[in-house]
Amino acid sequence: MKALQNLFDSIKPNFEKGGKWEKFYTLYEGHRTIAFAPDLTTKSKGAQIKDATDLKRVMITVVIAMIPALIFGILNIGHQHFLAIGEEVTWIDKALFGLWSVLPILIVSYAIGLGTEFTFCVIRNHPVSEGFLVTGMLIALVMPPHIPLWQVALATVFAVVVGKEVFGGTGMNILNVAMTARAFLYFAYPAQISGDQVWTYMGDQTPVDGFSGATALAVAYNAGIDGVPVSDALASHNASLGADFSFWNMFMGWIPGSIGETSTLMALIGAVILIYTGVASWKIIVSGFGGAYLMGLVMNLFASNEFMAMAPHFHWVMGGLAFGVVFMATDPVSAAQTETGKWIYGFLIGALTVIIRVTNPAYPEGIMLAVLLMNVFAPLIDYYVVKANKTRRLQRATV
Amino acid sequence: MSKNVKLRKGFDINLAGKAAKEMVDFEPAQTFAIKPTDFVGMQRPKVLVNEGDTVKAGTPILFDKAMDQVQYLSPVSGEIIEIKRGEKRKLLEIKILADKEISYENLGKIDLKSTDRSTLVEKLAAGGVWPHIIQRPYGVVANPADEPKAIFISAFDSNPLAPDMGFVLQGEEQYFQAGLDALTKLTSGKVHLNVNGAEQVPSLFANAKGVQINKFSGAHPAGNVGVQIHHLDPINKGDIAWTVSPVGVVQMGKLILEGKYDASKTIAVTGSELTNRGYVKTISGASVSTFVKGNLQSGNIRVISGNVLTGEKISMEGYLGFYHNQITVIPEGDYEEFLGWLMPSTKKLSFHKAIGMLSFLNKGEFKVDTNTHGEERPFVVSGVFEKVLPMDILPTYLFKAIIAEDFDEMEELGLYEIIEEDVALCEFVDPSKNDLQQLVRSGIELLMYS
């Protein structure tokens, strides 16, 4: 370790004021503080000791919470691929195949994102922030396996620049950065991120007879139009291949979809890590699931088609609701920041997701828009919570 | 009408280096200093002595031209050896070399029964004990011209390694009561004495008369007087309340009963880097060198006047702050740690449970150094400050209002109710490592001087 420290020390003069790479000091510092927690000490007045947790550790906690979803995603991409082409292969082959399609997306997301971030740090001369550790992973996990890599790169640049850096960097953004990336692709290149063809990695192979690449949400939506009970439609989907949309299959995540979003179980494992470590707000997660369920019930009451009449707990396991509620809605920067506000914010995300899913034909998956919409409304929710606090203080004064 | 308040928010920092409840023989300090910087809100200090002058304990040393009734007196008798100034001639320290035997100015005993309020105020202000009275809002030395709606005394210190007030004030019962009697004359409202509800209340406090005794229990900051005020009789815009520490009350009592400015007090000598820890009787403003030198376990240390949350770094030859009742010596943290942000540890103290932060499994004491464990960042994590501030205040919004210098917001979000010490724990737990105490002071100054 001493050698590494010496290496950093030896190149340091180049980055200091007057050195030839003076402009890149922030990058030097960024790398050094990743290798070594800095030797900064507390100021002479104020708290003389500080908590051992910093933002890097908080962020890495979120990344670790996403790893189960990532690993499952890799497996599932392989699984879905060989299912679609009708080949029986070992799990190792499936995993390798999944890795082959997921890894490039992950690498592009991180490389391009960090590159953009570094560029901004140098131009704006602000420290390299650890926020992208999480964003890079999130962007990869919400992409369909078939996505062209240049689109991943473009979306990442868009999200980092327009979603975050224009507001001043990590901690200042209004919208969730990863969701911004996905929404960008959804509206700019819908062909590659919606429909029935993109959720299973086919390569140049053709699917077996009877295979349909539709997502559970699309199946349910079409069942609503056709007047077929949703549970029947889900159960008969790809039934000949043994890959129907049973509640259990969807809960486990052996269904087509974006890389990391399919498994409710893995999202819940992530939720347990996030809630136990206190990094994410349990209030948002609980009220998010609760909001979806209650809105599902309301839909049942006013059911005018079969999709509306679907049992509400199916909403929990279909699409990206679980992933979105656990990893996207809980992003502390773009979420509501007051404790009361978090209940309302999470609830509305869940409820809005179901409304968008069930009533809007253009967006079978609602979580993306629900999160972005509530990101925009979070400050409004907080505004009223804060106002209530002020009012309490004011009333106390006049009593 | 005494209240019993249980606080559920907060965090006790279980720091290594507690002082045993016994007196330790240290060489007495030889030099003493008055530091005008200790007195928050002092605007234009005017020194009344010159280098080389001899003074008695109780001789006026300086006053604030903005509030000239309040005299700051010499804590000891001896010779003024240095008047130390910093940049722009800012007055930093007035050092006094103490006599072996201290002689006191006769300030005259005060008969509380026959003295009216204004005379009492005058005598306390001239008697050197007035700076113990702190005004809320703002946390500055109280203005003798004001009358507070109530006076609050926190009878326990819940900070890390804090001295036990019952032990420190043993045998001072009559002075304490006399001080309380004086305080009750200063306000038409109540005098609140807030004791630790989780422990046996020392008889000194339990037997106090003429005051309302309230019980507070819970983790730190339950002992912070600001938190207590919030739950008893919160400060609204336009209100003025006063707070006094129990040590200040005793010094008032000594002025009243003995007619002299006796600034002696018992302080706790604490911290993981000291070999000998315990309590020592000394005098306000004492040089700490005799407590620290030759008493160290390691070389690279920081000496703190006060506690680790709100104290001030001083040198090994530095002086005890006017309001401080302890010194703490902890290791300096100026080292790099390989992958320090990633490695799991049970020994690194953390309020959080982020990956690898396993200190919650460790029920023992923690040796904590001054490393910040990370760099300053914008606020990212939400909901953390709220867990360590047991008040109906939205700290994040208040901090942001201060950053934005939004006066209305600062007022409406409750800046009148807090001072630095109330957000000290917020500053400690903040993963973004912001200097929140300094921020709060800058906000208060905006409100005060606008």
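Keep in mind that glycine also has a Cβ here, set from the backbone N, Cα and C atoms.
As given in TrEMBL:
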| type | residues | note |
| --- | --- | --- |
| MOD_RES | A:T215 | FMN phosphoryl threonine |
| TRANSMEM | A:58-77 | transmembrane segment |
| TRANSMEM | A:97-115 | transmembrane segment |
| TRANSMEM | A:127-143 | transmembrane segment |
| TRANSMEM | A:149-167 | transmembrane segment |
| TRANSMEM | A:174-193 | transmembrane segment |
| TRANSMEM | A:254-277 | transmembrane segment |
| TRANSMEM | A:284-302 | transmembrane segment |
| TRANSMEM | A:314-331 | transmembrane segment |
| TRANSMEM | A:343-360 | transmembrane segment |
| TRANSMEM | A:366-386 | transmembrane segment |
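Between the transmembrane segment (A:127-143) and the transmembrane segment (A:284-302) there are fewer than 3 Cβ pairs closer than 8 Å, counting only residues 6 or more apart in sequence, so the two stretches are not in contact. Two recorded stretches are said to be in contact when at least 3 C-beta pairs lie under 8 angstroms, sequence spacing 6 or more; the transmembrane segment (A:174-193) and the transmembrane segment (A:254-277) fall short of this definition. Under the criterion of 3 or more C-beta pairs below 8 Å, with sequence separation of 6 or more, the transmembrane segment (A:254-277) and the transmembrane segment (A:366-386) do not qualify as touching, having fewer than 3 such pairs. Per-stretch counts of Cβ pairs under 8 Å to the transmembrane segment (A:314-331) identify A:284-302 as the leading one among A:97-115, A:149-167, A:284-302, A:343-360, A:366-386. Comparison of A:58-77, A:97-115, A:284-302, A:343-360, A:366-386 by number of C-beta pairs under 8 angstroms to the transmembrane segment (A:149-167) places A:97-115 first. Proximity of the transmembrane segment (A:97-115) to the transmembrane segment (A:58-77) is established through 3 or more Cβ-Cβ distances under 8 Å for residue pairs spaced 6 or more apart.
Highlighted: of the candidate stretches A:58-77, A:284-302, A:343-360, A:343-360 has the greatest count of Cβ pairs under 8 Å to the transmembrane segment (A:366-386). Using a 10 Å radius centred on the Cβ of the residue listed as 'FMN phosphoryl threonine' and all shown protein chains, the other Cβ atoms total 29.
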